[in-house]
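Novice: Quick paste of what Swiss-Prot says about this protein:
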type	residues	note
ACT_SITE	ASP11	active site, proton acceptor
ACT_SITE	ASP130	active site, proton donor
Amino acid sequence: MPKLELLPAVDVRDGQAVRLVHGESGSETSYGSPLEAALAWQSAGAEWLHLVDLDAAFGTGDNRALIAEVAGAMDIKVELSGGIRDDASLAAALATGCRRVNLGTAALETPEWVAKVIAEHGDKIAVGLDVRGTTLRGRGWTRDGGDLYETLARLDSEGCARYVVTDIAKDGTLEGPNLGLLRDVCAATDRPVVASGGVSSLDDLRAISLLVPEGVEGAIVGKALYAKAFTLEEALKAVAA
């Protein structure tokens, strides 16, 4: 059976690596240089990096040059997210050499564009489904974006390759992942799912690992690593067991 992929996260705001609580602007804790953080995860054995431009996600500017520098310095696979919602931002993201990009808000506000991008770029495109209950939330999690399962059915029919599922109520809280939500999404699609939000312990990662046969492919880990709840080495060992 394939093992759960771990994607340590580097979220960038105003040029700094930060973590938010519930994805809310103003709740951030700063952790210094994004490049240093990314290189630390790489040297600890990560196979993926989840790199997010929070300013672009919130529409408060961007960190495009810095994001490109970090992505370019990596020998591992990079998943890029944040504010990718038109041809220009998508081209800039793909130009970094990242393995894939996550579309968020754009998928909710411009469905025709997303269908075109999925058709053109295939598995380089993942769609972020940011959920509160069964309602999707767009643009930096401040707007409603429709029903999760209706959107999932539409994206499936358009050939979307994978989904990154975040329970906003859990994100940045260290309260544990929403395993029920992950199960429900996996039951509704045959595409792989990457879990995001709430991972607080090695037991949480082991619990997500048990969902690999149901369709969970990976887990994004952020605050727990920065808060030193466990090391990345310990996490990689836990999901390999």
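In case you wondered, yes, glycine gets a Cβ from its N, Cα and C as well.
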Novice: Other than its own, how many Cβ atoms are within 10 Å of the Cβ belonging to ASP130 (active site, proton donor)?
Specialist: 26
Novice: To the nearest whole angstrom, what is the C-alpha distance linking ASP11 (active site, proton acceptor) and the residue listed as 'active site, proton donor'?
Specialist: 16
